[in-house]
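Working notes, beginning with the structure itself.
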Amino acid sequence: MDLRNAITLAAMLAAAPAFAAQPLACLIEPEQVAEVGSPVVGVIESIRVERGDPVQKGQILAVLRADLERAAVEVAQTRVEAGGEVRAAQASFDFAVQQRTRAEDLFNKKFISRQALDQARTEADVAEQKLVQARDQKRLSQRELGLAAAQVAQRVIRSPIDGVVADRYLSPGERVEEKPLLRVAKVNPLRVQVIVPTSLYGRIEPGSSALVLPELPNAAPATGRVTLVDKVVDAASNTFRVRLELPNPDLALPAGLRCKADFGIEAIAQRAAPIEATAVVRPAVLKLESNLGATGPDGRSGHTRTY
């Protein structure tokens, strides 16, 4: 390219107007994904959901075998409901208190000895301690019941979030250890990840909106709201990431779709610095100078060429 064409191209780039930004590539993801496992090791008794089923937070997804734990619950429940020891201890204490009161009255009237009074008081104290022990035992039984019930509850696997069952890894009869049973994805709202060129940095802020066009036949455009703008630019690609929140109340849009995001703003074309046209173009000149005083090897007059 000669200098004149370079100057012309630089002038054209410098005068380039703003252009409407093209929709940006994006990816629709679940808002949250939970790998649902069991807090205890056990064998799966039943799984109550299938892949693709919508679930609610707290809904039962699977149950592990808990024969021993249920038996422990029944035993603890029986102990709590029995209450015979407490009633017997209470009756003994009430009778001992009456005997002590009568003994004190008789002692004051000089009808019994000090030893008889001390014996009545001791029997009342012993009866009181037995009542305290019976009540403590009942509270202990209640705690054992709570522990046994908690162990049974640990074998009931519930969904931690609202969403859909994205995958199922195990079946009834299999042993659960560290591997999760199910994967649940929250798809309302959806999360949209957009890769944005740095030419738009500072023009997209949290709270602004964008039109999301899913790459799905017959899918209608939807409006997403910006929830996060990265504060770090990727130097290799000269881009940054923006996150959108996309409502999906009827679960019409699946996660995992590619999409286009239109923020409805214009990007400014990068202007090339104009080349300073200060150089003077001079044609090359061939100048012949006669050196009459110089001779060549053959003794003839020589010529020196200067460019």
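Glycine is no exception: its Cβ is also placed from the backbone N, Cα and C atoms.
Those TrEMBL annotations? Automatic predictions, nothing curated.
Listed in TrEMBL for this protein:
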- 117-144: coiled coil (COILED)
- 33-179: domain 'CzcB-like barrel-sandwich hybrid' (DOMAIN)
- 192-262: domain 'CusB-like beta-barrel' (DOMAIN)
- 1-20: signal peptide (SIGNAL)
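Residues in the domain 'CzcB-like barrel-sandwich hybrid' (33-179) partition by DSSP class (helix H, G, I; strand E, B; coil) as 81 helix, 28 strand, 38 coil. Residues belonging to the coiled coil (117-144) score a mean pLDDT of 90 in the model.
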